[in-house]
Amino acid sequence: MLKIGPYEFSSRLLLGTGKYPSLDVQKEAVEASGAEILTFAVRRMNIFSPEQPNFLEQLDLSKYKLLPNTAGAKTAEEAVRIARLAKASGLCDMIKVEVIGCDKTLLPDPVETLKAAEMLLEEGFIVLPYTSDDVVLARRLQELGCHAVMPGASPIGSGQGIINPLNLSFIIEQATVPVIVDAGIGGPADAVLAMELGADGVLLNTAVSGAADPVKMAKAMKLAIEAGRLGYEAGRIPKKRYASASSPMEGMSVV
């Protein structure tokens, strides 16, 4: 089970809801993924305009926990304002803190992220900050009281996969809260690797919404994350420099 704050989830896949070809495809992909946590950008949602269509109308919200994010924020203060807006909607008490420090790379601003997380924790939010693969920053965020840390595998939407598995492994080793790999996942192999490293979950969006067949890719990601977690729990064999026969010669009869 994936435990975030007071909540428990069977699925370790967190799915973004943006950039799908249509609301119908989005709905099918969400269902195929088996995800129980759905994230969305508050600034792109018409949560206070019921006359305008949005993905919430397509879903049975009793099956999902919503994770609004503060995408578009450049400062801690902006992130806090967006989070308060999401909370005022009555849909959720979790927030993914996203404070971007560079428009070209969409990498997070570490100083503003830390500041926003602290402010939101003081207001009683369940805080999940998007961060880089900076090992020290991840530790600072968990020490602050964040309910999970979400290090990026590579830049948002780049599909480059896990660029620095060593840093991610360091973050996971020191973690006292769930580690959810976020951003840059391109295909099922990337998701498997994240889980084999020991991550507690994976958040992805473009890898599914941008696929030629989003519904099939959503199912593939579901299976990849399950396989990666099983592999991690099973314990892979150590790598060796030389071969080791699976059928040793000892005890074999001479023909």
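Using the three backbone atoms N, Cα and C, a Cβ is placed for every residue, glycine included.
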Same-site 1-deoxy-D-xylulose 5-phosphate binder from GLY157, GLY231, GLY235, given that Swiss-Prot records ALA183, GLY184, ASN205, THR206: GLY157
Under 8 Å by Cβ from LYS96 (active site, schiff-base intermediate with DXP), counting only residues of that chain that are 6 or more apart: THR39, LEU67, PRO68, ASN69, THR70, LEU128, PRO129, TYR130, MET150
Pairwise Cα distance maximum in Å, 1-deoxy-D-xylulose 5-phosphate-binding residues per record: GLY157, ALA183, GLY184, ASN205, THR206: 9
THR206 (1-deoxy-D-xylulose 5-phosphate binding site), number of other Cβ atoms within 10 Å: 18
